[in-house]
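Q: Heads up, here are the entries from Swiss-Prot:
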- 39, 59, 80, 124: S-adenosyl-L-methionine binding site (BINDING)
């Protein structure tokens, strides 16, 4: 297996350590469980439905998004470099009777034999955890079919994002383990759109996600100041 070298061992170890609680809706990944319906709806609606489509989930982790896409009829392949998260993902899929092809590999290496193969590629909450985000973006672009969709989500790099996602979510609210995020690795929307454009991915839409700690609810917002998603289309 060729992996290429766009991997941060410390990031892999961080999520390996938490893998056992991946599917606990009240555990360390509670925010992902609560956020996932918004992600799934955005992907499905923007792409015109993913039923019957070939979908690649880059940085799938324990499979929360992968499983939800498979349940609505997508043919899903999940990529990750963490052994423990992949083991958890495979076991949970087996227990729930969902068919997903989980593979240990990087996007760059998987691209070598899968150019233009997927109708939809998702890369959610992953770019801020790799040394070279532009390399992942280019690989995603290379693997999607012309006219296909590539979805990215990450965190904006500004003071508000630092306060909400690190000081708030990690230190005050204890929603995430301390050290989950590094503010220096956050990506501004303008930067992400430029990187996508360089990979011949046209940004069709962008939406923000906001969290209310009182109601414990995530919702869409027009503001891209903190968490956000973009939908891009591969040029024909």
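Every residue, even glycine, has its Cβ placed from backbone N, Cα and C.
I'd like to know what surrounds each of these features in this structure.
A: Secondary structure at residue 39 (S-adenosyl-L-methionine binding site), taken from DSSP and collapsed to helix, strand or coil, is helix.
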Q: Look up residue 59 (S-adenosyl-L-methionine binding site) in the DSSP assignment and reduce it to helix, strand or coil.
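A: For residue 59 (S-adenosyl-L-methionine binding site) - judged by DSSP and reduced to three states - the answer is coil.
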Q: When DSSP is mapped onto helix/strand/coil, what comes out for residue 80 (S-adenosyl-L-methionine binding site)?
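A: Where residue 80 (S-adenosyl-L-methionine binding site) sits, the three-state DSSP reduction gives strand.
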